[in-house]
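All remarks here apply to the structure that follows.
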Amino acid sequence: MDVSAYRYRPPKPNYLPHDIEVDDPIVEEYTIPLGKADDRENAIFFNKMKLAAQEYGIVRPKGYTVSYHATPEMEKHHFGQTHPMKPWRLTLTKSLVTAYGMPFAMDNYLTREATYEELNSFHSNDYLDYLITAAPEDQPRDIDNPDKEVKFNLGGSDCPLFHGLYNYCSMSAGSSLDAARKICSNQSDIAIAWGGGLHHAKRSEASGFCYINDIVLAILQLLRIYPRVLYIDIDVHHGDGVEEAFFSTDRVMTVSFHKYQPDQFFPGTGALEDNGPKNEHNPGAHHAINVPLNDGITDEQYEALFKNIIGPINERYRPSAIALQCGADSLAGDRLGRFNLRVQGHGACVRYCKSLGLPMILFGGGGYTPRNVARAWAYETSIAIGADTRIPETIPEHTPWRAHFIHDTLFPSLEQSMHEPRHNRNSEKRLREIVAHVHEQLRFVEHAPSVQSQIIPPDLEGIRDEVEARLKEESEEKDDGLRKIREEGVGQAMEF
């Protein structure tokens, strides 16, 4: 097989000083580095993927359904060569997920872009209008003048105005909304949207590489059906945008595990004592739980802390659905993160949440060493479908862009990830204090928070159903191959 079409090639610069006429438009240019396999190469790879599924025992889980929601066009966008956010991490994730044969165990959806009206269910008109009309800029406004004002926090180094920005945002939100709706309609029990998880965006402001808060949009959908939603964030950064959005309601409890160093680490919020509104009469009081951590926390510490906090929260708050943001910048060796977590430790959080038996959405989020982001999200996909004990640790030979992973293992050691682990600044005494504080907060949480129908957010059912019905019809007309795959029984457990 000619693997040249699957080999990674570095992207061209975007907003760094360069000849814009040569590289413009960036989105079209970026399709070339990603490569495009021809029909013959795709057929060969598909057969290898099918054989892998059979060899590793990848079958649809019994008793529950997992769905996978993605928009491939999102992968082609480019924030800029020196910008930490690399959307092609989704391409690497897809390469691992497909190489292991996992799609055969899931319902796979190619999601549409979110409409303006859907984005407007949380974000303001003024902000969305500016996001749509703002022209791409070849260089962030704050490079030459750090004090230069930017409107809605758009156009700076963190949130640059790159080519195709609004489409990118709509695609990210579209995948998360589709995941939420499949949960609400009982078509899925665990819905995966790795293209989402952009937790910093505010109602009228971009923040921390996030422009549209797809998580908030998805939770608003969940609240139409589920009385209480537990939002959990394991990104290395505080989930401030989601916490702020649901600050004054008891229908959503937010729990964020993050590095906290207010003067030096973004966003500087999420102290242990920040537990929602201070007014006890506000329904949101005690419904924001923050777990501030220091550099170097280990798998063992993190998993124990996670269980000791999420377990009691689940018992006390009794959520009816979970939204889990799986930001992978909490992994060791991340370009921005400072923890000593391995892929296994990160995945243990997903496994524990799955064990609670509640409907759940898995979002992506941060993660700035793409090869490790892909490892984590692929492994967590295998946990969702119950195949994590069957897939081999060695990355399959037929994996597209395999050389980019550097090490051929799904579980690199700390030394392989970062040469030398960071000094662990999390004492056991401090971790016990955090757990004790959270348990104290839970004493003030009612077992069954109030639910009033008038605050259930509206749905855009007419628009949604019409668009999705048309897309489904077109997809079925085109893809007779899907019927043949089903007939072959790949991904189906066999009776003996």
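Every residue gets a Cβ built from N, Cα and C, even glycine.
The range from 237-262, 419-444, 471-496 that TrEMBL describes as region 'Disordered' is residues 471-496. When Cβ atoms from all protein chains are considered, those within 10 Å of Asp158 (substrate binding site) total 21, not counting its own.
When Cβ atoms from all protein chains are considered, those within 10 Å of Tyr368 (substrate binding site) total 21, not counting its own. In sequence order, the recorded positions near Asp329 (divalent metal cation binding site) (Cα within 10 Å of its Cα) are Tyr368, drawn from Asp158, His200, Gly208, Tyr368. A C-beta separation below 8 Å, combined with a sequence spacing of at least six in one chain, links Gly208 (substrate binding site) to Asp158, Cys159, His200, His237, Phe266, Pro267. Within the set Asp158, Gly208, Tyr368 that the record links to substrate, no two Cα atoms are more than 13 Å apart, and one pair reaches that distance.
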